[in-house]
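Single-structure report; data block below.
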Amino acid sequence: MSPEYFLRSLLLIILATFSANASNWLYLAKLSSVGSISEEETCEKLKGLIQRQVQMCKRNLEVMDSVRRGAQLAIEECQYQFRNRRWNCSTLDTLPVFGKVVTQGTREAAFVYAISSAGVAFAVTRACSSGELDKCGCDRTVQGGSPQGFQWSGCSDNIAYGVAFSQSFVDVRERSKGASSNRALMNLHNNEAGRKAILNNMRVECKCHGVSGSCEFKTCWKAMPPFRKVGNVLKEKFDGATEVEQSEIGSTKVLVPKNSQFKPHTDEDLVYLDSSPDFCDHDLKNGVLGTSGRQCNKTSKAIDGCELMCCGRGFHTDEVEVVERCSCKFHWCCSVKCKPCHRVVEIHTCR
């Protein structure tokens, strides 16, 4: 084999690996709906899936719209949590949807993997509970009386099914590679941390029964937390994420803190391998839109403040007129009427 042929072959392998980035399935969020998938051949046309995900799609046609909703949930929550950060989870119309930000082993990639695996688990579980799927329903293992004195009843969220489907669908690329590279280990860890954010925050919801509103006895069921709660938990984990490196315990490859003085991470924590860029400058090649034109808070000293958000470049101040509702009065029955009030406010945007 000639050196030139070897190099060309190696380049093709690298490009193929990149094109099959493990988060490419998030492109499903760009589709208006995949609920119309009724034939296996349609799965082949879904952009962003690797072959094993295509096979899962063919075996689980009815679940794919839940996967799409999970991807949308993940992107929307990411954009909410990072709305005041330099990197605000902006998406592109290409693969991967977050650009090369998620192909690097950064904190941001850790959060994306965690929130997206949680999104699929959440959306599939919700579809089970609402009766949308034939393959699953409510969690029937939660039955009978409880030590607290209430009766398990109602429709408990079948989180076990949602988590299992998320593991099978989202983790498939890393699993197919044998999960031996440090990046595969990082992705798998953060995927599981995302699902743990749901599992560890399951709630007990109850309904009282009795005469005249009394609570003679209660029936209760287990419910997932709101997805905003999941996002809040993972955002805290992002802020406290642990930088790790690969090590070996016997023949097993594991991730350990890069700084031995730091306490070991748990299954619930996010981990990362590489330092993040500053996200200040426009770099579309890497999916970084920069902060020029972003609104900032003139009085804040935090990351949303103009000094930090604008990376020291300064900012523009414009006055704009906004119309708000004021002098609202309740009219019997049953409406609220308000007057329009005009107010001039200052808007600060990064140079």
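Even glycines carry a Cβ here, placed using N, Cα and C.
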- [ ] Tell me, from CYS334, CYS338, CYS341, which cysteine Swiss-Prot puts in a disulphide with CYS328.
- [x] CYS338
Task: Disulfide-bonded cysteine for CYS311 as listed in Swiss-Prot, from CYS215, CYS220, CYS280, CYS350 - done: CYS280
Task: Neighbouring disulfide-bonded residues, C-alpha within 10 angstroms of CYS128 (disulfide bond) - of CYS138, CYS220, CYS296, CYS341, CYS350 - done: CYS138
Open item on the list: Would you identify which of the disulfide-bonded residues CYS208, CYS338, CYS350 has the most other C-beta atoms lying within 10 angstroms of its C-beta?
Closed with: CYS350
Task: CYS310 (disulfide bond): nearby recorded positions from ASN88, CYS136, CYS208, SER212, CYS334, CYS338, Cα cut-off 10 Å - done: none
Task: CYS334 (disulfide bond) to CYS350 (disulfide bond) - Cα separation in whole Å - done: 45
